[in-house]
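Before any comments, here is the structure.
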Amino acid sequence: MEKDSEQMAETTNQQERDMESNSLHQPLLKRNLTLSSSPLALVGAKVSYIESLDYEINENDLFKHDWRSRSQAQVLQYIFLKWLLAFLVGLLTGLIATLINLAVENIAGYKLLAVVQYIDNKRYMMGFLYMTGVNFLLTLVATVLCVFFAPTAAGPGIPEIKAYLNGVDTPNMYGATTMFVKIVGSIGAVAAGLDLGKEGPLVHIGACIASLLGQGGPDDYRIKWRWIRYFNNDRDRRDIITCGASSGVCAAFRAPVGGVLFALEEVATWWRSALLWRTFFSTAVVVVVLRAFMEYCKDGACGLFGQGGLIMFDVGGVPVRYHVADLIPVTVIGIIGGVLGSLYNYLLHKVLRLYNLINAKGKLAKISLSLAVSLFTSACLYGLPFLASCTPCDPSLVDSECPSTGRMGNFKQFNCPKGHYNDLATLLLTTNDDAVRNIFSTNTPSEYRVFSLVIFFILYCILGLFTFGIAVPSGLFLPIILMGSAYGRLLGMAMGPYASIDQGLYAVLGAASLMAGSMRMTVSLCVIFLELTNNLLLLPITMLVLLISKSVGDCFNPSIYEIILELKGLPFLEAHPEPWMRNITVGELADVKPPVVTLSGIETVGRIVDVLRNTTHNGFAVVDSVGQVSEVHGLVLRAHLLLVLKKKWFLQERRRTEEWEVREKFTWVDVAERWGTIEEVAVTKEEMEMYVDLHPLTNSTPYTVVETMSVAKALVQFRQVGLRHMLVLPKYHGHGVPPVVGILTRQDLRAHNILSAFPHLEKSHTSKKGR
């Protein structure tokens, strides 16, 4: 017996090693090439089993009774609690965003002030060692937290949020430990000067706050108050997490409307008007909190924090004038953004595959990779400004403005004589947010040299590729903004006397174009940039740039978040089905699956236990026999069957139960929760012979389709309604005809899995396109 268990353990370990030891030319996740494949995905540091979420309303007898018996006061309480949670999500996200900004600005600011002091005293090696050492320690703290305590906190978290709102439950993504590591790790990684932003982590932090509030706290310390348990279901949790994601974007950019539109355009699959109001309310609370702290901190009460305003890159006072001739360089910026954005996605895809091989070697390899990137970044940020020559200050500037030795300012002295400044140090030897402010600065046509901007662009292209993917919380927005603003400003310098648009505005357009070319967002990005720059006159040309960049990028590859979703193996359902999906029916899909497992309306306990032990299905069709014909009563969930077994709601004889019997044993709260696994249930031999009436717990109105419906049409319905199970019914009913042809799930409707069973579909479509 011991030998058998050792062999099984060895086999399991070998399978896990096989899953994670992929070659550079394979996907990050080995896939089971069958239609009924087990849902596996790369979550955090390992391959995990994932489940779909039950967004569909389960209209069983308990739900209907609860809906009928709710008083007006209970309905108002439910609505009030939704708005209260939206308020708390906005409030806590705003407070944590302020804390992160406060910590980053002070840690990075005082570090840079010390480095500048060493440089002023000609102690160059000491300055390099100090800067490298501090960055090394900050990166080490962020990496160790992610590797040992919360692997799911690494990365931006936005792809997993997209997957969750699409209907995929990823384990350990929204826990308290993950949120804590995300906060501390983000502070350490950004303050260490790594080429990453805090925008992605803030979106994840907002989602974690929302999830923890919705479920009453962490799993081990969950509050059991009755009013909190109103939201203990996937449907309401989805709405709250949507509010959290939009609040995170708002906290990162101080853009409340942009945050709402980001959630609508990029992360949310399902939307309605009531959700729009609550997300807008949450982002409004975030803005109020941020503004209040900035007013408090602007006089120096918070150290080096508070130098900026509510608008991060305010160019509201800059006159924006452009003519028809200016549309040519604007179009060029859009095309460059689309090409470079798709190229960035392609190269980052390759780098992430390479990092997967390195990270598969263990925790020490992950830590070593992060520290190596930190050392390389520190060396470049400190050493490259020595390559740039000193530039004399403009005589019209006040002495306090040029040169400056502090953290703020566009004209850093950096080893230059009095009256001169180093333009490359202005961009590199500063915090990431200040670097963006500096390169976006207007009315500075001769501040930067072409050589410095080229060095800056090349450096951040390299750092942007090799920093994302290490084991620290990271965001993609800031690296892309820095890269895009560099070539935008270069184009503005090239146009020079031929254009009437300021070079700083060219930098803004360049950043917008690269973000659209990589992330493929348009409306939300447009509004975010308008809220950042506080200048509505930029609207027409920003819209043009974004549309061109997205269109060009779409010609080459998907968005960066879609690439990450595919690499991780998360079964995200796209909005548009493949053209060949119209050539196959759902009945044909059901035919290549294992036979459907059904239960009787009144079933034996032994049959239920047997089904739960020998299948992994999460839903089972309930079939009643009426004479010689069987008819579908509905769909019962695995969680509800486990609930019945745990509460031992058994009958001595085969009969239907009364309504009062059901309400005496179960409440709507019980039905909303998940109830562990079948291994946790103990059933005696005598109980196996008893019966269970499944009718009260069965969803009597599941979504069904006829077997002749095309897969394309079924996929659209499945995604838009947010289903977990779709019943396929026969076209003709009668004696000898099975009442259910099959049950389709998310995995069955994925293009990859369908083509594994029907490879001729893609070939036929390809041959038609070739003609």
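Note: Cβ is positioned from N, Cα and C throughout, glycine not excepted.
According to TrEMBL, the features are:
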| type | residues | note |
| --- | --- | --- |
| REGION | 1-22 | region 'Disordered' |
| TRANSMEM | 78-104 | transmembrane segment |
| TRANSMEM | 124-150 | transmembrane segment |
| TRANSMEM | 240-263 | transmembrane segment |
| TRANSMEM | 275-294 | transmembrane segment |
| TRANSMEM | 301-322 | transmembrane segment |
| TRANSMEM | 328-348 | transmembrane segment |
| TRANSMEM | 450-483 | transmembrane segment |
| TRANSMEM | 536-553 | transmembrane segment |
| DOMAIN | 697-762 | domain 'CBS' |
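Within its own chain, the transmembrane segment (450-483) is flanked in space by residues 45, 139, 142-143, 146-147, 151, 153-157, 181-182, 185-186, 188-189, 194-202, 204, 252, 340-341, 344, 347-348, 351-352, 355, 359, 366-367, 369-370, 373, 376-377, 380, 384, 387-388, 423-424, 427-428, 432, 435-436, 439, 489-490, 493, 511, 514-515, 518-519, 560, which lie at least six positions past its ends and keep a Cβ under 8 Å from the stretch. Same-chain neighbours of the transmembrane segment (536-553): 315, 319-320, 322, 326-327, 330-331, 333-335, 337-339, 341-342, 345, 501, 505, 508-509, 512-514, 516-518, 520-522, 525-526, 529-530, 559, counting only residues six or more beyond its ends whose CB sits under 8 Å from a CB of the stretch. Counted with DSSP, the domain 'CBS' (697-762) comes out as 25 helix, 12 strand, 29 coil. Same-chain residues lying 6 or more positions outside the transmembrane segment (275-294) and placing a CB less than 8 Å from one of its CB atoms are 82-83, 86-87, 89-91, 93-95, 97-98, 102, 239, 242-244, 246-247, 249-251, 254, 256-257, 259-260, 263-264, 268, 302, 306, 308-310. Per-stretch counts of Cβ pairs under 8 Å to the transmembrane segment (240-263) identify 78-104 as the leading one among 78-104, 124-150, 328-348.
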